[in-house]
Amino acid sequence: MYSSSNSFMGGANSARPGQPPFMQQPSYGQQTTQQQQQHQTGLAPQPNGYGSQLSGFGGSHLQPQPTGFSPGQLQSQMTGFPQLQQQPGFQTSAQPPQLTGYSIQSQAPQLQVPSSTGLPVRLAPQTSSEIADSFRGSAGAAPPPPPKTAGSKIPNIRLSFITAQDQAKFEQLFKSAVGDSQTMSGEKAKDLLLRSRLPGSDLSKIWVLSDTTKSGQLFFPEFALAMYLCNIRITGRGLPDALPEKIKNEVSSMVDIISFQVPDTQPEMAFPTNAPKFDAPLLENKSAPPAPQQPQPQQPTHSQLLTQLTAQPTGFHTQPTGIQSTQASFPGQSSSLVPQATAFPGQSQQQFLQTQPTGLMSNPQPTGYSGLRPPVPPMPTSLGPNLSPAQTGGVSGLVAQPTGVPGQWGFVNAPSSGLPNIEALKQQLMPQPGREGGFSAAGLSGNAHIPWAITKEEKKIYDDLFRAWDGFHKGFIGGDTAIEIMGQSGLDQKDLERIWTLADPHNRGRLNMDEFAVAMHLIYRKLNGYPVPNRLPPELVPPSTRNLNDSIGTIKSMLSQDAESRKASGAFLQPQKTGVSYLKDHSFRGGSGVSPGFGRKDATLFKNNDEAASGYRSSARRRVGNNGRTPSPATSQTSEEELSVGQLRKKIRETQIMLDAVDFQDENRAEEEDALDRRDRREVESLLDRIRRVQDDIDTHPDAAFRNLDNGAERRSLRRQLQSYEDQVPQVASDVRRVEREIAEAKLELFRLKDAKAHPNSASNIVGTGPGGAVTEADRIKARARARMQARAAELAGRPTPSSQEDDGAAARRVEAESAKVKADREKNDAMTRDVEDSVKDFARSLEDTLKDASENSTREHERRRWEDALGVEDVIRDFIYDLKRNSRTAYVRKEEASRSMHEEHERSRYDEAPATRPSPPPSTGSTGSLPGSTHEDRVAAARERAQKRIAERMAAAGLKPHNNTAETLLQRQEREKKEREDRLKQAEEEDTRREQERQRRLAEEQGGSMAQPAKPASKKPPPAPPSRRGRTDSAGQAEAKRAAEESAIVEQAAREQTIREEEEAQQERKRLEDDARKREEEFQREKEAQEARLRALQEQVQQGKIKKQEAKRRKEEADRLAKEQEAKLTVQRAELEMAKERERQLQLELEALDEESSSDEEGPENITPQHSTPGQSQILPEVDIAAPVAPSALVPPVPGPEPDRPTSATSSPTSDRTGLAHLPLETESKNPYFKKISLPAESQVATPQPISKAPVTSPKADVQSTNPFHRLAQQQENAKPAFTAAGPIERVSRARPEVDDDWSAAGSDFDSSDDDERPGGGSAKQLASILFGTMAPPRPLSAMDDKSPSKPSTPAPDTPVAASTAPEADGTLSIPSASIPPPPPPVVAQVPSIALSSGPPDAPPPPPPPPVPHMAPSAPPPGIPPPPAPPAAPAGAPNRSALLASIQAGKGLRKVQTNDRSLSSVAGRVLD
């Protein structure tokens, strides 16, 4: 019994790694010696037997068993065993445990049986078939082993991760490679896998994943998995780091099925499964101690087992006989007996057999002899505890058994270790309903093929599932919840009921974690094709239930047997001095490894032998070593008491040394970790520095602005654009179809028309009025009526009657044929349209997929958000990323500032180069380019900054102070203003110098031209001395002044308008951006100072430019005004002289020859030249210029001007002229300086010198008319009379005749003669005066004629009308302003020159000399000028000049004569009409 119980424990341990073989463990004799010392003398034969057992290994040891055990001893043993049987914790009989022991012993291949026993020596473990056959036939004839081919069968289980065809191919390949074997060796697998030509690293990983059992060989599912993984790698996919749970479960399940289906053909595979399946029936049989027959009952029937076991109790000799017969029937039974010795380490079979008689016979005695003599109980007491530990796990061996149970539940990967058998045996020994029933060998063998153990992975899965459903952590799951969970499996209700019954053996109506795992495992096995067992397999008994029951039963049995043995043997008198400790040493938690007195190992504590020499270990440190079971609170009181103080101190020192060593190791480990941490930190810092440097390089790169362009935004815009195009496709297709329909209808209509022409009488020409153009009956009736009328009309007209109408069928057929043709074309086009539409859709879909794949990559988006937006990273990394972003933004701002400063420098240089050509500084609006920002915020900030800068510039241009320019102090502002003034002065000086140089250049050109001018008309008639040098100079200056005035006016107006606009915009934008600027202050505080500096610089530039321009404008205006006033004075003075001289000349010419052409041959150029110019001064009569203003001033009062529209004549006072000069440029400004005064009334035009400065406009007309000098002379004579009244008409003439605008430049024309010299001032009043004075000079050949006419000015009545008439005729188109003037009497001679001046540059070709007098009369408004000026007498030499001066000085007399002349001239004018 002892060996039986311990064999279960030892058998379990023997199968575990790290446990010594049975033969190496301490002999059982030592333990039995201790036991014998405790027993009475009746037990002495037992030690003797043991001694013999220890002494040798012979069959004689079996004899000492009967010899050593007297009947009394047997009775005493039986006396103890009935107690064991009576205990509720041990309901099973003692004999089946012997068989149980045998079953476990059959697992130990190390044991040998001496030849004396008659048992053959078996190094390999027996299979269940062999053991069953040995039971069946005592003769020892073993049945023939099953065919090996049965093991090569592959279960018909479908693997889900490969196809059926692939699985069939893999099966064929596997069978061809392994033959009858169930596994493929590593070499064969290597040869096959190398054919895939995959790298060695991949094949190594595939092998690691495929070899799930880690056995170095592959089962078929593992081979199929390897081929599947090879296929994955060959197709380019990556290998997984771990197998998916589904594939792993399928492979492991199929491997279990294969490995347990063929235990007989491969003993090494069936070895782990034999024990548990054999244990189960033995436990159910409840046979207690006789362990030697444990492994056998898997195959034999229950009756055979009982028969063999009953032989033992019938008689002592029968028992050894039975044992021997059992050994005889078992070729390997000796090994099974030795496994009992496995419970007693190091014993051989003979020893173990002796041990069996020694202790087992006590066990057999209780089995067969219930109630023998009392001396035996000490033996059963000692054995009983040993048995109890074997059953309950109370001893260290039992500790291994409960350890095995958890191993099956999660600490063992497969049930092949034999532990399931031991635990099944222990569970069978526990009182459970239904365990007393017998089992057939078939049932036992069936159980042996099914592995019911729960692996660690499965247990973890079940526990997680339980925790998930146990939301309130109650520790159990109720029936309703379990029904809900288990109902999801899809099993039948009957199967679920059976599973529930098995999982809830106590009928509590709820399942704890272990029971729930059992239920789930049964469901899992049922789903995998396993039948639901009728009774719960021992491997599936929850450890909590089994351990609790075993513990309770063990304690009860130990207490009862100990008390009984002590009472019978008297050992209670010295419980600690007997050498055997029943309670302390037999700790069912295995806390102590040393027996109390003698230092010998108790049979129940053999498991701790290997660790006994390792020194002291506390219970806390031992806890994990005992496979999770909590050791006893104290290792052993006896051992503690027996340790001396020195030993304890030694142990303490050793422990202290160990602790110090551990602490030292911990410190070393901590130091190493610190060193590694420091190294890692250094590496991290170096990497961060590298990242920063790379980021800086990126930011400073010229193309850095393009790296952060939002490709996603562009891609989204492309997708939106693509979507818009896709939306247009249906509409386009609809339009195409509509057009196709229209085309088809048009074709049909065209065919009908053609058919109607070709067959006029056919019905095809009937126009249908029905829906869709269908021909109705009414249409046919109308067609027939129309045909009849056509026939009658033909008959009446005598025409041949039209041929008979064709039948409607022919026309319908033609129409139908054409319709079919058109329809076919239409369908063809529709098909093409559909194809195009489909292709467009496909193309759009491909484009959309491309854009979507590039943009909607979740991994890329996650990485971007993680490493760019710092989402989901540690704080250190997030701070680092933010720091990089700040540095990038700062680098971008610096780069933008640099580019902006460069741009501003460029603009400033441009501004300095041409400050006067720009009305306002444009850099303010575009000084900063739209450089793309690295981020959206940067772009927004840059836009705001540019807007703020524009606002500041506009405000500066408008004269407003920017609101944010608060950093400028008073001193800075003063310095800035001082600098601005200096710059303005400098610029003004530069402009004056440049203007003076230009003026000097023009003067030099005019002087050079005037020197060459007189030579041209010399061939015809020597013209008067050209006094045009000074006049031209004045004319050029006047033109320059005029241009400057116009330019200044334009600039001022543009500046004013732009200033107003900018001020308004600045005010609006300032209001809008004040809040934004206020918010940006904190963010851009660092950039603000530089920005304000730039703004101040720009503002200073703008203000300086404005001030410079304003100063220049004012200077130009002042200069122009002064020049105009002077010119006006000179104009008035010289105009009077010109009028007088011109009138005298005209009278002389009229007297000499009526033919104007002959008389104008010499004076034509002289008359034409001054038409557009007003001579400023005369070289001949400088004094006249000074005295001339006096006469006009005296003549001004009497000029009440009969024309209200012309209040002042050309001879109005210089004051009025000055006023007109000062105000006209502003009043009548225009883009075209030559058309400014067109809209002004004639009187303002006459009074202002503006028409004089604009005289060059009409110079081309004189040039055009200069082809005929006589006509020009006549025109000059006609126009010379109203010299002062044509200022307004000149403007209108120039506008009405713009064909010569190309020569209207007043800058540099030298119109000295009538030939080809055209100067802008040629027709001006100054030039005319110069010519007039020139004619007075002595060299003039016409001086004699001038001498004849000094007296004519007083009586020019007959001549004035003629002059007046000729002037208007030449000036016919220029007298528009005079049309509104009332017709007062024609002006006196003094008025004639003004007309000539004004109309000098007539655009109309020279008309015939006699112009209409009525037209002349309106143009006479200049009568305000006194007609009697004596200048007519001056044309002839010095006397004429003196007479002219005298007449000019006599202002009042002239005024008085003017009145008389006016009446005379009016009469003369009427006579001329």
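A Cβ is built for glycine as well, from the same backbone N, Cα and C atoms used for every other residue.
Keep in mind it's a predicted model, so treat the numbers as computed, not measured.
Some features that Swiss-Prot has for this protein:
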REGION    1-121  region 'Disordered'
COMPBIAS  24-47  compositional bias 'Low complexity'
COMPBIAS  79-92  compositional bias 'Low complexity'
REGION    134-153  region 'Disordered'
DOMAIN    166-254  domain 'EH 1'
DOMAIN    198-233  domain 'EF-hand 1'
REGION    266-366  region 'Disordered'
COMPBIAS  289-298  compositional bias 'Pro residues'
COMPBIAS  344-360  compositional bias 'Low complexity'
DOMAIN    458-547  domain 'EH 2'
DOMAIN    491-526  domain 'EF-hand 2'
REGION    609-645  region 'Disordered'
REGION    793-837  region 'Disordered'
COMPBIAS  810-837  compositional bias 'Basic and acidic residues'
REGION    891-1265  region 'Disordered'
COMPBIAS  893-915  compositional bias 'Basic and acidic residues'
COMPBIAS  925-934  compositional bias 'Low complexity'
COMPBIAS  935-953  compositional bias 'Basic and acidic residues'
COMPBIAS  973-1005  compositional bias 'Basic and acidic residues'
COMPBIAS  1054-1097  compositional bias 'Basic and acidic residues'
COMPBIAS  1108-1128  compositional bias 'Basic and acidic residues'
COMPBIAS  1135-1147  compositional bias 'Basic and acidic residues'
COMPBIAS  1152-1165  compositional bias 'Acidic residues'
REGION    1277-1473  region 'Disordered'
COMPBIAS  1402-1434  compositional bias 'Pro residues'
DOMAIN    1440-1457  domain 'WH2'
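Shown for the region 'Disordered' (793-837): DSSP residue counts in helix, strand and coil, namely 35 helix, 0 strand, 10 coil. Within its own chain, the domain 'EF-hand 1' (198-233) is flanked in space by residues 154, 159, 161-162, 166-167, 170-171, 173-174, 182-186, 189-190, 239-240, 242-243, 247-248, 250-252, 254-255, 258-259, 414, which lie at least six positions past its ends and keep a Cβ under 8 Å from the stretch.
With respect to Cβ pairs under 8 Å, the compositional bias 'Basic and acidic residues' (1054-1097) is most closely packed against 935-953, considering the stretches 935-953, 1108-1128, 1135-1147. Computed over the domain 'EF-hand 1' (198-233), the whole-number mean pLDDT of the model equals 89. Counting residues of the domain 'EH 2' (458-547) by DSSP class, helix then strand then coil, yields 57 helix, 6 strand, 27 coil. Residues of the compositional bias 'Basic and acidic residues' (1135-1147) grouped by DSSP class, helix first, strand second and coil last, total 13 helix, 0 strand, 0 coil. Note on the compositional bias 'Basic and acidic residues' (973-1005): DSSP counts are 33 helix, 0 strand, 0 coil.
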